[in-house]
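Features of the protein shown, as given by TrEMBL:
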type: DOMAIN; residues: 29-127; note: domain 'Phytocyanin'
type: SIGNAL; residues: 1-28; note: signal peptide
Amino acid sequence: MKGEGMMRWVLVLVLVFTLSLCGVPVSATDHIVGANRGWNPGINYTLWSNNQTFFVGDLISFRYQKTQYNVFEVNQTGYDNCTTQGAIGNWSSGKDFITLKKAQRYYFICGNGQCFNGMKVSILVHPLPPPPPAHPPHASAHKSAAPRLHLPALLSSLSSFVWLAWNHI
């Protein structure tokens, strides 16, 4: 029994070590709408969003007084006309964290009439950039294509390996 517990810890450590070698960032950026001014009327959110770069997996967070404001995700028509009809999502906690899951344009408005006072923001989410190319440590006359790691496939293989090893110890 002692050997089984030790072997399981070794498997966990191998998994953690292998994932650390992938070089893929595991944290997303949390973009706080309006920065230190938050989600309030009279702020130029177009200027704020134009100074941000959003990637798939990032968060956009809205900070506001929950008794006064809210957030609706709408389509472009809802954004242009300040209407929540056909809203895609809505939040009202005062500290809303929304994961940006797709590379697309998102539209958010305040649904209690404050959209007309500027409480609306449109953001463009970009796909994740490809990983930097692998360069050999020394310049060489021959250029060879280094194999690229496909993280989902790697994670799937590793998790299958760990599951099988874990259940057969």
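A Cβ is built for glycine as well, from the same backbone N, Cα and C atoms used for every other residue.
Unlike curated entries, TrEMBL annotations are predicted automatically.
Under DSSP, residues within the domain 'Phytocyanin' (29-127) fall into helix, strand and coil as 19 helix, 34 strand, 46 coil. Summarised as a single figure, the pLDDT of the domain 'Phytocyanin' (29-127) averages 97.
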